[in-house]
Amino acid sequence: MLQALGHLLPISVASALSSVPIMATILILLSKHNRSSSVPYLMGWVLGIASIVTSFVLLASFLPEPALGGQQTFNALAQIVIGLALVALAIVVWRRSRGKPVGAEPKWLASVGLLGPWSSFGFGVVLNLRPKSILLTAAAALSVAGGGLTVGEAGVVIAIYTVLSASTVAIPVIGAIVSPVKVEAWLHGARAWFGRNNRTVTILILLMIGVVIVGNGLTRL
């Protein structure tokens with residue numbers, strides 16, 4: 001189980017540092033619907049992470065063994081492919097960002113602050129269907145499925161991954177409930193910082209986690 005956790009830790013950190021859910025959290029907490037929408041958004045985000053990674057783990061566990069090599073080899077090759085896909089995604093993000101003004105937020109983020117409770121819940125779930133999230137979740141599921149874990153151990157590992165991945169959304173939401181005045185000042189600063197550094201952070205994280213996942217796959221060959 002410790003080996004599986006070791007493989008999952010960098011993936012969970014990359015998921016936690018994903019800029020889109022963090023920016024959405026900031027905008028919801030700064031909106032007039034912050035009290036009614038922030039908790040449903042967090043619940044949707046957590047439910048999405050847990051349900052998708054669990055579904056992927058179940059799917060990976062039922063994959064048939066290839067004719068050449070065992071299931072472990074297939075698992076390793078799949079991780080290498082996912083890692084390379086994340087590196088490719090980093091290159092795509094970099095190419096698309098050239099020439100765009102620094103600090104410009106995606107247009108669709110402007111409407112996040114208008115979401116009500118149920119819309120925020122659904123939005124939190126749907127954010128897990130972004131290409132980056134799907135690739136990270138698939139890599140996490142392969143690490144769990146290839147770790148030779150019991151059902152109980154897999155459940156614990158998935159729970160830890162979910163908590164770590166959701167931490168950067170959960171902490172601001174909980175903080176805003178406990179100390180709204182202090183957190184509001186931090187939210188304005190965080191929004192400005194992410195506006196300036198969002199692309200750089202995204203590209204670096206994608207590159208680093210892509211290389212890490214490729215390395216994880218190579219060690220299983």
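Backbone N, Cα and C define each Cβ position, glycine as well.
TrEMBL does not curate its annotations; it predicts them automatically.
The shown structure was predicted, so the numbers you read here are calculated from the model rather than taken from an experiment.
Record features (TrEMBL):
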type: TRANSMEM; residues: 6-30; note: transmembrane segment
type: TRANSMEM; residues: 42-64; note: transmembrane segment
type: TRANSMEM; residues: 76-96; note: transmembrane segment
type: TRANSMEM; residues: 108-127; note: transmembrane segment
type: TRANSMEM; residues: 133-151; note: transmembrane segment
type: TRANSMEM; residues: 158-181; note: transmembrane segment
type: TRANSMEM; residues: 201-219; note: transmembrane segment
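With a threshold of 8 Å between CB atoms, the same-chain residues lying at least 6 positions outside the transmembrane segment (6-30) that come near it are 37-38, 41-42, 45, 49, 105, 109, 112-113, 115, 120, 123-124, 127, 130, 132-133, 136-137, 139-140, 143-144, 147, 157, 160-161, 164-169, 172-173, 176, 183-184, 187-188, 190-191, 194, 198, 201-202, 205-206, 208-209, 212-213, 216. Across the candidate stretches 42-64, 76-96, 108-127, 158-181, the maximum count of CB pairs under 8 A to the transmembrane segment (201-219) is reached by 76-96.
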